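As given in TrEMBL:
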{"type": "DOMAIN", "residues": "4-94", "note": "domain 'PE'"}
{"type": "REGION", "residues": "124-159", "note": "region 'Disordered'"}
{"type": "COMPBIAS", "residues": "134-145", "note": "compositional bias 'Gly residues'"}
{"type": "REGION", "residues": "231-305", "note": "region 'Disordered'"}
{"type": "COMPBIAS", "residues": "248-262", "note": "compositional bias 'Polar residues'"}
{"type": "COMPBIAS", "residues": "273-291", "note": "compositional bias 'Gly residues'"}
{"type": "REGION", "residues": "351-394", "note": "region 'Disordered'"}
{"type": "REGION", "residues": "564-616", "note": "region 'Disordered'"}
{"type": "COMPBIAS", "residues": "564-598", "note": "compositional bias 'Gly residues'"}
Amino acid sequence: MPFVIATPELVAAAATDLAGIGSTINVANAAASVPTTALAAAAADEVSAAVAALFGSHAQQYQTLSAQISEFHDRFVRVLAGGAHTYSAAEAANASPLQPLLELINAPTQALIGRPLIGNGADGAFPGQDGRDGGLLFGNGGNGAAGDPSQTGGNGGAAGLFGNGGNGGTGGDSANGGAGGTGGLLYGNGGTGGHGGVGVHGFNGGIGGAGGAGGSAVLFGSGGAGGQGGTGVAGPGGANPLVFDTANPGQSGQNVDTTSDPLANPLAAPAGDTGGTGNPTQNGGHGGDGGTAQSTNANSAVGGDGGGGGAGANGGIGGDAGDGVASGVAATGEGGAGGAGGDALAPGGSGGNGGFGGDGVSVGGQATGGTGGKGGAGFGTTVPGGDGSAGGSGGQGGNGGLLFGNGGAGGVGGIGGAGGAGAGGGDGGNGGHAGFAISDGKATGQLGGGGGDGGASTGVGGMGGRGGDGGNGGAAGLLFGTGGAGGNSGAGGVGGVGGAGGAGGTGGIGGGISTNDNSSVAGDGGHGGNGGDGANGGAGGAAGAKAGTGGRGGLVGGTGPAGSAGSGGAGGAGGAGGAFGEGGEGGTVGESGNGTPGARGSNGNAGSDGVSGAHG
């Protein structure tokens, strides 16, 4: 018996396409009409005239035939479009009496037990809601809705006599997936279990949710597959403590000049005080600036040294030195030395930057710039990365029908969460720049401050989480059917990256000079600090401890295959060694050669890669 399907929308679309094709052909024919039906003879002889008349006659016959074809095409398109309207009207007429009839049939059972006689169950409408059961005679169960965070996914609805169970909803964060619905009493397959939710911090220890169990068949039909376990949450990265409190700064030295002490020779300004010492929970104080000395009575002048930065959670910045300004043939202007940056005391704390050296200025005598302060050392850290959480277990496969049907496959175990990265060591402070020496006599530049060493990290990366266990396969029917395959156990999570070593501080720029004396020498740049060593990477997580077993087979049919063991997670990469500090640039001069750049520090050693996790 012939079987024909007519879709009104497709028929109407075909009519529109055909109308467009006909329009395109008509335009082409019209464009070719004039140049082909009125050909001019190539020459004045009889043969040329006869050839032109022959081709023109053929063109006129083609145009006549094309007009007839165009008229037939238009009629066909109109008939096809009319057919689409006829099909639509017939569908509307047929649907109108059927819907009230179906509502009339379903009304008694819907009122008594809240379930239709014929029809599919509704899907879950809000988070975690179960799917509604299908019709008592015919109908599939509705699908369960996905859960909100920490909420189990909705279960699939059950079928009636004939129909398939609904699928379980995916679990919310760290929550289990919903179970699949039961298949029809006489015939129908069980629904698939929902996937377990992805693990998150703050819920169930970050473990991934378990997959929902597959729904079972009753008499005839296959069981539903179990849901896959959720992935465990990654471990948090190691975090060094944050410090906001700072010790008091050192007091700056007082400026002096010949008006305050006309007989002093040399005239020396007081140094700045050392910044207040902090502790592992308090930053070191800023060193006080040195005072400026200015002499106008032919005496020498020496600027005050900058105070050292206080040691603390993060080292304090060294104070800048004062300038020494003198005038006179025998007077020397000498800048003070910049204060050293304070060393860090808290895990991952950075050393303070060294203070700038003071400028030495002399009119008629010699000038010497002040040295830059050394940068403070960064502090190492032992803070490891957090371990990843385990993946969720796969769901149990549903059982096949009592008489006939295959068991559902067990769900795959979830992947373990990755380990967090270890905390990094603190950076060394930068060396302070040396002061300038400015004189019309001999000028001497001093050394820039050396950069502080970066702190080493021994904060190993976190261990990867264990993979979830695989779900067992469902049993087959008693007479006929193959047992469901066991689910594979989940792979272990990747180990975390080891903490990076702190970077060495950059050396300070050497003291520049401005002078007419060719024997003057500019200062060398400060040495860069050494980078800190990196930490070892974390171990990879072990695979799930147990793969799912295969389901029992029927009287005719084999046992399902067992699941495969998952792979262990890869070990985390070792932390990068801290970068060396660049040496400071040599001081520049006006008339003679430049200073020598400072040497670079050494790179820190990289940590070792973590050990891979054990396979299941």
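Backbone N, Cα and C atoms are what each Cβ position is placed from, and that goes for glycine too.
The region 'Disordered' (351-394): residue composition by secondary structure is 0 helix, 8 strand, 36 coil, according to DSSP.
For the region 'Disordered' (351-394), the residues of the chain that approach it from at least six positions outside its boundaries are 176, 196-197, 199, 205-211, 226-240, 284, 287, 289-290, 292, 300, 303-306, 308-309, 311, 314-345, 410-471, 487-488, 490, 493-494, 496-497, 499, 502, 505-506, 508-509, 511-513, 515, 523, 526, 529, 532, 535, 538, 541, 544, 548, 584, 587, judged by C-beta separation under 8 angstroms. Looking only at the domain 'PE' (4-94), the predicted model's pLDDT averages out at 75.
Residue counts of the compositional bias 'Gly residues' (134-145) by helix, strand and coil are 0 helix, 1 strand, 11 coil (DSSP-based).
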